[in-house]
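Listed in TrEMBL:
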type	residues	note
DOMAIN	119-136	domain 'Tyrosinase copper-binding'
DOMAIN	303-314	domain 'Tyrosinase copper-binding'
SIGNAL	1-17	signal peptide
Amino acid sequence: MHVQSLVTSALVVLAQGASTFALPAASVAAGKESESAAAHLESRSLNFDFSVYSAPQTCTNPIVRKEWRTLNPLEKLSFLAAVMCLQIVPAKTGNVYAGAKARYDDYQALHIRMTDYVHFNGIFIPWHRYMLHMFETDLRNVCGYQGGIPYWDWTLDATSEANVLKSPIFDSFLGFGGNGPYIADTSGFPAEWKTNVPIPGRQGGGCITTGPFAWRQIPMGPANHTDYTPHCLRRDISPWLITQKGNASMLEFVMNATDFWDLDHRSEGLQLNVQGMTIHAAGHIGVGGEIGEMANTYSSPGDPLFWVHHSMIDRVWDSWQRKDFANRKTDIGGPDTMWAYPYNYFGDIPYQNITLNSDLIYPQMANSIKISQVMDTKGGPLCYTYDKSA
């Protein structure tokens, strides 16, 4: 589908599904209002106040995040359209990151910049929780979306390799599109694009050709770059890896963690090889394979599947907390430094243990916030819940 048609389709859904947009349906359908609609979106973005992320709430009516396949068609299209909306709303950080052209890109740039500070340490889970909250707030306040970020429960697809590829999440119309064409030999790709180990069962590697995001050029990455380097969205799905690392038994292993430090370690992975991968890798490496965007630790938000995968990771933490909320609402721990124990795969390095008073930092995007403020999805600035526990 042509880019203009996709943008127009996104605006049609927004105009029909969100009261914040009052675009004449007939004109939009004819493609005559797309320019003025984009200008309207730009004015909304430029007037947006970042402090809305951290404003304390009295959470009486929490947003409900639901599993993707339980959404009705309009709900699915509304979410996809809102994501596309952020992909055309002007960036806020373009003066800092050359690759940030749209509001959506601000989040990829943020993740690229912060990757070395928020992965393989204790900051990982709470930092991503607040990032999702920020993204969800933009979907709603900037683009008129009325729901929560859905989650992808990969355990429902991990029952067989055939079921993985049939998952509604990969649907070409009511999903995120499917795999890229198979590329057998990946040796010609830059090393920084590739995983550090071969990925068994990978079946793609090329640019995706189906779904609402097949048209889009990702403006930065892959890897640790925020320069403007437009490229297609690649997926290199490994059904085998998703069945091995995203199944119900693996989820149970994570949920049986005895404290937060243990939960974080079991979620992020036990070793830097396929054997040590767990649920975080199920979505990232399972979808990204060796050369897909989702497999890149830095630039993975370039694939919109990032958000529904991390919504599931956050759901796991919330479900684990709710099993003993009186104690676990204050249970936090782990190193403040990447690659420190228990992620000391390259040798021991100094670190301090994180606490509830540790800062979560989002440069150029939001004010820093304390971990204590994101320990409850229905407390502080947060006001959301999940439709059911993991």
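Glycine is treated like the rest: Cβ placed from N, Cα and C.
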Could you break down the residues of the domain 'Tyrosinase copper-binding' (119-136) into DSSP helix, strand and coil, giving a count for each?
13 helix, 0 strand, 5 coil
What average pLDDT is reported by the model for the domain 'Tyrosinase copper-binding' (119-136)?
98
Report the DSSP secondary-structure composition of the domain 'Tyrosinase copper-binding' (303-314) as helix, strand and coil residue counts.
10 helix, 0 strand, 2 coil
